[in-house]
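Copied over from TrEMBL:
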- Glu181: active site, proton acceptor (ACT_SITE)
- Asp45, Asp84, Glu114: Mg(2+) binding site (BINDING)
- Asp45, Ser46, Asp84, Lys112: 3-methyl-2-oxobutanoate binding site (BINDING)
Amino acid sequence: MPDVTLTTLRALKQKGEKITMLTCYDATFASACCEAGVEVLLIGDSLGMVLQGHDSTLPVSMADTAYHTASVKRGNAGALIVADLPFMANATLDQTLHNSGLLMQAGAHMIKVEGAAWLAESITRLAERGVPVCAHMGLTPQAVNILGGYKVQGREQAQARQMVADAIALEQAGAAMLLLECVPSDLAGEISRAVKVPVIGIGAGSQTDGQVLVLHDMLGLSLSGRVPKFVKNFMAGQASIQDALAAYVNEVKAVTFPAAEHGFSA
Ligand SMILES: Nc1nc(=O)c2c([nH]1)NC[C@@H]1CN(c3ccc(C(=O)N[C@@H](CCC(=O)O)C(=O)O)cc3)CN21
Ligand SMILES: CC(C)C(=O)C(=O)O
Ligand SMILES: [Mg+2]
């Protein structure tokens with residue numbers, strides 16, 4: 001796969017071709033994902049849940065994230081690498097700049113931060129220094145203790161209008177990409193059409209510019225036996241992990257995944 005850059009992703013959006021993204025935490029899976037044509041690899045703080053067995057993403061440290069980012073970088077063959085800034089690693093602007101720098105030096109090409117319009121200042125400061133930022137909106141799992149659980153966001157009209165306005169504000173602040181988690185499908189489509197930067201969705205329906213899933217979820221593995229409704233098991237009917245990864249890429253590109261049953265209504 002030729003190196004995927006921000007330019008590649010913007011061109012895919014303009015062409016109307018869907019962007020494929022998966023979480024990835026190690027070199028071997030990074031290599032397998034690249035082989036399958038996955039364009040973006042995310043070192044998600046979901047690693048705290050799927051690798052470490054915690055019940056939230058909050059315990060994940062900068063050291064954990066840097067370690068997995070460096071591992072993914074060694075197996076990568078052309079994908080754009082995005083790393084999640086862990087819980088409280090962006091408590092101040094100084095810490096945001098310092099910690100983002102460490103993840104870029106570990107091998108990330110882009111940093112992802114959870115929030116809304118209040119992220120604007122740090123996104124601008126990072127972009128000035130050469131760090132592209134993905135703003136993760138909607139269900140932001142680091143705020144699970146404020147949100148009262150992993151619940152769909154933006155179902156109320158006022159909250160939906162605010163999310164559209166925040167997305168536009170963050171694009172103007174210099175965000176390179178947006179990610180929407182667990183928002184009604186039509187709202188996610190509206191936001192995707194309102195900005196020029198690529199919008200990736202998880203539990204956000206099929207109208208976004210791309211899709212992401214947690215690797216373990218799409219391979220049919222779970223700790224609890226309980227999986228969110230937006231997850232599809234791509235191992236079903238496949239002979240190998242490599243085939244399952246390829247099936248994911250095919251279904252996202254063909255817009256057969258996500259189907260209506262994987263999304264939420266308003
Ligand atoms: N393995 C794994 N997969 C994920 O997608 C994921 C993580 N871990 N850890 C971090 C967050 C937590 N996520 C979650 C977890 C549960 C639901 C969930 O159960 N959602 C309900 C919707 C509830 C509602 O209707 O408001 C569902 O039915 O899917 C959603 C996102 C997504 N992220
Ligand atoms: C679910 C994705 C978007 C994520 O942030 C993660 O894996 O941590
Ligand atoms: Mg995350």
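Heads up, the Cβ atoms here are built off N, Cα and C, so glycines get one too.
Predicted, not measured: the structure shown is a model, and the values here were computed from it.
Features as recorded by TrEMBL, highlighted on the structure.
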residue : record                               : contacts (Cβ under 8 Å, 6+ apart)
Asp45   : Mg(2+) binding site                  : Thr57, Val60, Thr65, Asp84, Pro86, Phe87, Pro141, Gln142
Ser46   : 3-methyl-2-oxobutanoate binding site : Thr23, Thr57, Pro141, Val214
Lys112  : 3-methyl-2-oxobutanoate binding site : Leu42, Val82, Ala83, Asp84, Leu85, Val133, Cys134, Ala135, His136, Leu179
Glu114  : Mg(2+) binding site                  : His136, Met137, Thr140, Pro141, Gln142, Ala143
Glu181  : active site, proton acceptor         : His136, Met137, Gly138, Leu139, Thr140, Pro141, Gln153, Gly201, Ile202, Gly203, Ala204
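What surrounds the Mg(2+) site, by Cβ distance within 8 Å of the Cβ centroid and not counting Asp45, Asp84, Glu114, is the set Gly44, Ser46, Thr57, Val60, Leu85, Pro86, Phe87, Lys112, Val113, His136, Pro141, Gln142 from the same chain. Proximity to ligand 3 at the level of Cβ atoms, with a cut-off under 6 angstroms, picks out Asp84 from the recorded positions Asp84, Lys112, Glu114, Glu181.
Contact annotation for binding-site residues (Asp45, Ser46, Asp84, Lys112, Glu114) versus ligand 1: Ser46, each with CB under 6 Å from a ligand atom.
DSSP classifies Ser46 (3-methyl-2-oxobutanoate binding site) as coil under the three-state reduction.
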